[in-house]
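S.K.: Starting off with a structure, shown below.
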Amino acid sequence: MALSRLSVLCGVREGRALFLRTPVVRPALVSAFLQGRPAQGWCGTQHIHLSPSHHSGSKAASLHWTGERVVSVLLLGLIPAAYLNPCSAMDYSLAATLTLHSHWGIGQVVTDYVHGDAVQKAAKTGLLVLSAFTFAGLCYFNYHDVGICKAVAMLWKL
(Lines of atoms letter the chains of each structure in order from A and count residues from 1; the text may use other names and numbers.)
(Lines give C-alpha, C1' and ligand atoms only; values in the text may rest on other atoms or scores of the structure.)
Protein backbone atom coordinates (compact mmCIF):
# COMPACT_ATOMS: atom_id res chain seq x y z
CA MET A 1 0.00 0.00 0.00
CA ALA A 2 2.78 2.42 0.96
CA LEU A 3 4.75 1.51 -2.17
CA SER A 4 1.79 2.26 -4.39
CA ARG A 5 1.38 5.67 -2.74
CA LEU A 6 5.09 6.34 -3.16
CA SER A 7 4.93 5.35 -6.82
CA VAL A 8 2.08 7.80 -7.37
CA LEU A 9 4.03 10.59 -5.67
CA CYS A 10 7.23 9.89 -7.60
CA GLY A 11 5.47 9.37 -10.92
CA VAL A 12 6.62 5.79 -11.45
CA ARG A 13 5.63 4.44 -14.82
CA GLU A 14 6.76 1.14 -16.25
CA GLY A 15 9.23 0.58 -13.41
CA ARG A 16 11.12 3.87 -13.81
CA ALA A 17 10.74 6.98 -11.73
CA LEU A 18 9.75 10.19 -13.45
CA PHE A 19 12.65 12.16 -12.00
CA LEU A 20 15.17 9.79 -13.61
CA ARG A 21 13.92 10.67 -17.10
CA THR A 22 13.47 14.39 -16.63
CA PRO A 23 16.61 16.49 -16.17
CA VAL A 24 16.20 19.18 -13.56
CA VAL A 25 18.98 21.38 -14.93
CA ARG A 26 20.14 21.37 -18.51
CA PRO A 27 23.86 20.49 -18.82
CA ALA A 28 24.46 23.38 -21.25
CA LEU A 29 23.35 25.90 -18.63
CA VAL A 30 25.62 24.40 -15.98
CA SER A 31 28.58 24.34 -18.36
CA ALA A 32 27.98 27.95 -19.40
CA PHE A 33 27.58 29.02 -15.78
CA LEU A 34 30.86 27.39 -14.73
CA GLN A 35 32.69 29.01 -17.64
CA GLY A 36 31.36 32.44 -16.68
CA ARG A 37 29.37 33.14 -19.84
CA PRO A 38 25.59 33.34 -20.17
CA ALA A 39 23.89 30.61 -22.19
CA GLN A 40 20.81 30.82 -24.39
CA GLY A 41 17.73 30.73 -22.19
CA TRP A 42 19.69 31.88 -19.15
CA CYS A 43 18.12 35.04 -17.77
CA GLY A 44 20.37 35.52 -14.72
CA THR A 45 23.00 38.21 -15.01
CA GLN A 46 24.61 37.79 -11.62
CA HIS A 47 28.05 36.16 -11.62
CA ILE A 48 29.33 34.04 -8.78
CA HIS A 49 33.10 33.70 -8.54
CA LEU A 50 34.10 30.25 -7.35
CA SER A 51 37.82 30.91 -7.01
CA PRO A 52 39.04 32.37 -3.71
CA SER A 53 39.97 36.02 -3.67
CA HIS A 54 43.62 36.70 -2.99
CA HIS A 55 42.80 40.07 -1.45
CA SER A 56 40.31 38.95 1.19
CA GLY A 57 41.08 36.91 4.28
CA SER A 58 44.41 35.97 5.68
CA LYS A 59 46.39 33.06 7.00
CA ALA A 60 45.39 34.04 10.54
CA ALA A 61 41.68 33.76 9.69
CA SER A 62 42.25 30.34 8.17
CA LEU A 63 44.17 29.18 11.23
CA HIS A 64 41.46 30.57 13.50
CA TRP A 65 38.78 28.63 11.59
CA THR A 66 40.89 25.47 11.77
CA GLY A 67 41.43 26.03 15.49
CA GLU A 68 37.68 26.32 16.06
CA ARG A 69 37.10 23.02 14.29
CA VAL A 70 39.91 21.31 16.22
CA VAL A 71 38.45 22.46 19.55
CA SER A 72 34.98 21.26 18.51
CA VAL A 73 36.28 17.83 17.53
CA LEU A 74 38.39 17.72 20.68
CA LEU A 75 35.26 18.33 22.76
CA LEU A 76 33.53 15.43 21.00
CA GLY A 77 36.21 13.09 22.29
CA LEU A 78 36.89 14.82 25.59
CA ILE A 79 33.36 14.62 26.98
CA PRO A 80 33.06 10.80 26.77
CA ALA A 81 36.66 10.45 27.97
CA ALA A 82 35.88 12.61 31.00
CA TYR A 83 32.89 10.40 31.76
CA LEU A 84 34.93 7.21 31.50
CA ASN A 85 38.03 8.53 33.31
CA PRO A 86 37.21 11.44 35.66
CA CYS A 87 40.44 13.02 36.89
CA SER A 88 41.94 16.46 37.37
CA ALA A 89 43.56 16.44 33.91
CA MET A 90 40.13 15.93 32.35
CA ASP A 91 38.65 18.64 34.57
CA TYR A 92 41.21 21.24 33.51
CA SER A 93 41.02 20.15 29.86
CA LEU A 94 37.25 20.57 29.94
CA ALA A 95 37.60 23.96 31.61
CA ALA A 96 39.95 25.18 28.88
CA THR A 97 38.11 23.76 25.87
CA LEU A 98 34.62 24.69 27.06
CA THR A 99 35.73 28.24 27.81
CA LEU A 100 37.51 28.62 24.47
CA HIS A 101 34.61 27.07 22.54
CA SER A 102 32.11 29.37 24.28
CA HIS A 103 34.32 32.43 23.80
CA TRP A 104 34.65 31.86 20.06
CA GLY A 105 30.95 31.07 19.64
CA ILE A 106 29.69 34.11 21.53
CA GLY A 107 32.35 36.20 19.78
CA GLN A 108 30.78 35.30 16.44
CA VAL A 109 27.36 36.33 17.76
CA VAL A 110 28.84 39.68 18.85
CA THR A 111 30.48 40.12 15.44
CA ASP A 112 27.26 39.33 13.59
CA TYR A 113 24.69 41.17 15.70
CA VAL A 114 26.40 44.04 17.55
CA HIS A 115 26.76 47.06 15.29
CA GLY A 116 28.84 50.17 15.78
CA ASP A 117 32.55 50.31 16.45
CA ALA A 118 32.42 51.51 20.05
CA VAL A 119 29.60 49.16 21.06
CA GLN A 120 31.26 46.19 19.37
CA LYS A 121 34.61 46.91 21.07
CA ALA A 122 32.85 47.19 24.43
CA ALA A 123 30.97 43.92 23.82
CA LYS A 124 34.15 42.10 22.82
CA THR A 125 35.97 43.47 25.87
CA GLY A 126 33.10 42.33 28.07
CA LEU A 127 33.21 38.91 26.43
CA LEU A 128 36.95 38.66 27.07
CA VAL A 129 36.44 39.54 30.74
CA LEU A 130 33.54 37.06 31.01
CA SER A 131 35.63 34.30 29.40
CA ALA A 132 38.56 35.00 31.72
CA PHE A 133 36.30 34.86 34.79
CA THR A 134 34.65 31.70 33.48
CA PHE A 135 37.99 29.95 33.05
CA ALA A 136 39.24 31.19 36.42
CA GLY A 137 36.02 30.08 38.09
CA LEU A 138 36.17 26.61 36.56
CA CYS A 139 39.82 26.24 37.57
CA TYR A 140 38.97 27.41 41.09
CA PHE A 141 36.12 24.89 41.21
CA ASN A 142 38.43 22.13 39.99
CA TYR A 143 41.12 22.95 42.56
CA HIS A 144 39.02 23.72 45.64
CA ASP A 145 36.00 21.47 45.09
CA VAL A 146 35.17 18.13 43.44
CA GLY A 147 35.86 19.17 39.83
CA ILE A 148 33.70 19.30 36.73
CA CYS A 149 33.51 15.54 36.06
CA LYS A 150 32.52 14.56 39.59
CA ALA A 151 30.09 17.48 39.85
CA VAL A 152 28.26 16.29 36.73
CA ALA A 153 28.24 12.73 38.11
CA MET A 154 26.77 14.02 41.38
CA LEU A 155 24.05 15.87 39.44
CA TRP A 156 23.19 12.69 37.53
CA LYS A 157 22.76 10.81 40.82
CA LEU A 158 20.03 13.22 41.98
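From the backbone N, Cα and C atoms, a Cβ is placed for every residue, glycine too.
As annotated in Swiss-Prot:
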type	residues	note
BINDING	Y113	ubiquinone binding site
TOPO_DOM	56-62	topological domain 'Mitochondrial matrix'
TOPO_DOM	111-119	topological domain 'Mitochondrial matrix'
TRANSIT	1-55	transit peptide
TRANSMEM	63-84	transmembrane segment
TRANSMEM	90-110	transmembrane segment
TRANSMEM	120-141	transmembrane segment
S.K.: Just counting, how many other CB atoms are there within 10 A of the CB of the residue listed as 'ubiquinone binding site'?
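M.R.: The answer is 9.
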S.K.: List, by number or range, the same-chain residues at least 6 past the transmembrane segment (90-110) whose CB is under 8 A from its CB atoms?
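M.R.: For the transmembrane segment (90-110), the sequence-distant neighbours (Cβ-Cβ under 8 Å, at least 6 residues beyond its ends) are 68, 71-72, 74-75, 78-79, 81-82, 120, 123-124, 127-128, 131, 134-135, 138-139, 142, 147-149.
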S.K.: Please work out the helix, strand and coil residue numbers for the topological domain 'Mitochondrial matrix' (111-119) from the DSSP assignment.
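M.R.: The counts are 6 helix, 0 strand, 3 coil.
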